[in-house]
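Annotated in Swiss-Prot:
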- 12-32: transmembrane segment (TRANSMEM)
- 49-69: transmembrane segment (TRANSMEM)
- 76-96: transmembrane segment (TRANSMEM)
- 169-189: transmembrane segment (TRANSMEM)
- 218-238: transmembrane segment (TRANSMEM)
- 257-277: transmembrane segment (TRANSMEM)
- 287-307: transmembrane segment (TRANSMEM)
- 309-329: transmembrane segment (TRANSMEM)
- 344-364: transmembrane segment (TRANSMEM)
- 374-394: transmembrane segment (TRANSMEM)
- 401-410: compositional bias 'Basic and acidic residues' (COMPBIAS)
- 401-422: region 'Disordered' (REGION)
Amino acid sequence: MESSKQNNGMTIVAIGSIPLILTLGNSMLIPILPKMKSELHLSQFQVSLVITVFSLIAAFAIPIVGYLADRFSRKVIIIPCLILYGAGGLLAGFAAGFFDNAYPWVMAGRALQGIGAAGTGPIAMALTGDLFKGAQESKVLGLVEASNGMGKVLSPIIGSLIALLVWYGAFFAFPVFCIISIVLTWIFIKEKKKEKEPPPIGQYAKGLLSVFKHEGRWLFTAYLAGATCLFTLFGILFYLSDVLEKTYDTDGVKKGLILAIPLLVMCVTSYTTGSKIGQKQSLMKKLIVLGLAFMTVSYAALSFIENLVLFISVLVLSSIGSGLVLPCVNSFITGAVGKERRGFVTSLYGSVRFLGVAIGPPIFGRLMQWSRPGMFLSIAGLTLVVGILVMMLIHVKQNNEETKEKEDPKMAGNRLQPAEER
């Protein structure tokens with residue numbers, strides 16, 4: 001029994017290491033972007049593409065990788081993707097440090113990392129749904145999101161520390177972390193054997209169409225809520241990284257620590273939320289709406305705040321909001337379909353999240369040039385609209401009614417569940 005618990009714990013550690021690697025891909029580079037801009041003589045738009053290209057490539061690769069993960073196995077996809085991720089970091093690092101025309105090669109390395117990233121976080125979500133059930137699944141998904149958040153917390157600090165040695169050193173850290181995750185995944189993740197052969201691609205596609213026909217309205221709303229959190233998060237980090245150096249003359253480890261504050265709050269909130277929500281879908285919806293309301297209030301208030309301490313204090317409210325939204329959205333989406341198509345549906349969610357990350361820095365870069373108050377009021381408007389959409393389009397039964405559904409299947413019409421179970 002003790003051995004089983006220990007193995008279970010190491011399985012969770014192994015799964016958690018996968019999205020942690022994923023978050024390093026962008027967050028670890030954010031503190032060094034101003035230095036990269038000056039060293040490689042780049043424009044603000046060019047340096048923002050270092051984040052955007054990685055995320056865009058990942059977004060388009062994820063649905064393909066998700067299908068392959070459903071077709072074969074999660075581990076068969078995750079491990080090669082982690083190898084590719086590390087190799088892309090090596091290419092970008094050598095290019096930045098030793099190539100004359102470094103920028104195109106850095107971008108090529110980031111593109112390779114994007115393809116590798118496609119097989120990390122989203123597949124880890126599907127794997128969690130495969131291995132854990134019920135309230136334990138929600139708790140582990142909360143841990144996965146917390147691991148994602150912890151990666152965001154640690155990576156600006158790690159990036160800043162490595163940059164004290166050499167600014168492009170962060171690229172060489174990627175393969176080191178990837179090797180650790182590969183070893184953990186190989187040893188501790190034991191997938192269950194498939195009970196039946198995967199369906200032909202035509203039948204698979206038909207099943208997906210059925211899922212989106214029945215669940216599409218709320219599913220895409222949930223996708224949008226998750227993407228909005230990541231869009232605003234990375235946009236704000238991009239803005240804050242630039243402002244800390246230019247306005248407040250803050251760089252190095254101190255800058256990394258400041259960037260880590262809102263991320264740490266989001267991480268703690270994500271873990272707490274995931275451990276409390278269980279399978280209470282009505283509670284999940286309320287927390288998503290509350291989280292988006294917190295984000296709206298925070299961003300609207302930031303348009304009037306100049307003082308750095310007060311700015312970070314108010315920004316923390318938006319981090320609490322993101323920490324409420326993301327674990328609930330994860331649980332909704334992971335439970336939306338059965339195992340056979342879970343990889344694709346969670347991967348599509350991963351694509352949308354990556355698109356949010358991809359467009360955050362360039363859009364915030366443009367908004368920064370336009371108007372600072374206008375930038376914050378615009379994103380406050382976005383989070384408000386998304387919150388209203390969640391209230392209108394995601395329908396769940398109350399908790400006491402969910403119990404009755406077990407006795408009366410006719411009541412299950414609007415409850416979120418796999419389409420194939422209907």
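Every residue, even glycine, has its Cβ placed from backbone N, Cα and C.
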Contact set, same chain, for the transmembrane segment (169-189): CB under 8 Å, 6 or more residues outside the stretch: 7, 10-11, 13-15, 17-18, 20-21, 24-25, 28-29, 32, 74-75, 78-79, 82-83, 85-90, 92-93, 96, 109, 113, 127, 158-159, 162-163
Selected stretch (most C-beta pairs under 8 A with the transmembrane segment (49-69)) from 218-238, 257-277, 344-364, 374-394: 344-364
Outside the transmembrane segment (257-277), six or more residues from its ends: residues with CB under 8 Å to it: 27, 30-31, 138-143, 145-146, 148-150, 152-154, 156-157, 160, 233, 236-237, 240-241, 244, 250, 283-284, 287, 312, 315-316, 318-320, 322-324, 326-328, 330-331
Selected stretch (most C-beta pairs under 8 A with the transmembrane segment (287-307)) from 12-32, 76-96, 218-238, 344-364, 374-394: 374-394
Winner by Cβ pairs under 8 Å against the transmembrane segment (309-329), considering only 12-32, 218-238, 344-364, 374-394: 218-238
Any contact, the transmembrane segment (374-394) to the transmembrane segment (76-96), with at least 3 Cβ pairs under 8 A: no
